[in-house]
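Taken verbatim from Swiss-Prot:
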- Asp13: active site, proton acceptor (ACT_SITE)
- His41: active site, proton donor (ACT_SITE)
- 12-18, 40-42, Arg304, 330-332, 412-414: GTP binding site (BINDING)
- Asp13, Glu14, Gly15, Lys16, Asn38, Ala39, Gly40, His41, Thr128, Arg142, Gln223, Thr238, Arg302: IMP binding site (BINDING)
- Asp13, Gly40: Mg(2+) binding site (BINDING)
Amino acid sequence: MANVVVIGAQWGDEGKGKITDLLSRSADVVVRYQGGVNAGHTIVVDDKVLKLHLIPSGILYEDTTCLIGSGTVVDPKILLKEIDMLIENGIDISGLKISSTSHVTMPYHRLLDEAMEADRGSNKIGTTGRGIGPTYADKSQRNGIRIRDLLNEDRLKDVLEIPLKEKNGVLEKIYGIRPLCKDEIIKEYLDYGKRLSKHVVDCTRTIHSAAKNKQNILFEGAQGTLLDLDHGTYPFVTSSNPISGGACIGAGVGPTLIDRVIGVAKAYTTRVGEGPFVTELQGSINDQLCDRGSEFGTTTGRRRRCGWFDGVIGKYAVYVNGLDCLAVTKLDVLDELDEIQVCIAYELDGKEIDYFPTNSDDLKKCKPIFKKLKGWQCSTANCRKLSDLPENAMNYLRFLAELMEVPIAIVSLGANRDQTIVIEDPIHGPKRALLR
């Protein structure tokens, strides 16, 4: 039995959904511990493409409990769309549970998010415009609406009074946006509450009960390490903590409950939105990675920025999260390249550094120092064990493991479930050297 955290080791979009889906087969409980509908993961099942933003990937397994934890912010309108989509595809959603203390994204949060981002002009952050930041801001200011508030009309009227008055004032006086109607919001969100009520639980008690019964618990993060509010490329970050420590806070468990932390990293690097990106590529190779990797955001549809694998941020992710092993995804995207580069250090103000600068101004000045490796120029999409991989592909993986000083447990070679090499089951397997 093992309790495992799956986190993104880059700027999000690493393929965590597929890895979580894979590991969910061995999990009894899957917990989403932070983020909101600004995240998105795509799962391919029997040629069906399922795109989820809030519901954990484990929902595809009927005996698995899927819990949206207290650290997650929930847009009930989008959540219900996901529920309806799953039901239409014949997927049982009885295992879905929602923490009663999760905060709710309200209509004014979305309006404020869009208005504030537009107002920033050239200094925009690159927000998805889904209201995540304003929702977390209200949570921090103790002015938020929680899932439990949608279950009682009198309570919803009471807790909505002050924030709606404040937000309407800001929307109207600063941004020239028409005020929202309280009665309409109450009616709409009480309806959401009725539909979701059968899924609402006490998050901490649910996880504690599972742990007491020796069940396997999988903690699923959204976004990635470099988007962490405290440890990412601030201010170009999200409004929560995707790193492994965030799992304890967002799920309501102690750190001693965590047995293993798995980092998910692409075989190259991508980033959506604004912010420094040291290994970013331009021109034909960037286009090739983007096209072969289908690098368009699940949530926004925005084209992702692409670059070579950055070992500096990789080592930073290992340290910040305490990674035990790695899952490397999209290795197949590199199949056609005759030469592949990996960033092994930065140059900052004429000096070589091997650490990640936490100051975004310094990071913008950094230049990558690359190690060139030979490509393999043949398809890896049908490889199912390590011995099937071309020698240069194996050399590439070994180099990444050596550079990051952490073993590789899983290699993904495409979107489908079976396009995966599992070197060791991170939940049931012993903690030992995998691929170094």
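The backbone N, Cα and C atoms fix where each Cβ goes, glycine too.
Max Cα-Cα distance over the annotated IMP binders (Asp13, Glu14, Gly15, Lys16, Asn38, Ala39, Gly40, His41, Thr128, Arg142, Gln223, Thr238, Arg302) is 34 Å. Secondary structure at Thr42 (GTP binding site), as computed by DSSP, is strand.
In the three-state DSSP classification, Leu331 (GTP binding site) falls within a helix. Within 10 Å of Gly12 (GTP binding site), as judged by C-alpha distances, the binding-site residues found are Gln223; the full candidate list was Asn38, Thr128, Gln223, Arg302. Separation of the C-alpha atoms of Gln223 (IMP binding site) and Gly15 (GTP binding site): 10 Å, rounded to the nearest whole number.
Comparing the Cα of Gly15 (GTP binding site) with the Cα of every entry in Gly40, His41, Thr128, these being the recorded positions, the smallest distance points to His41. For Thr128 (IMP binding site), the Cβ neighbour count at a 10 Å cut-off comes to 23, with all displayed protein chains included. Thr128 (IMP binding site) sits 14 Å from the residue listed as 'active site, proton acceptor', taking the CA atoms of both as reference points.
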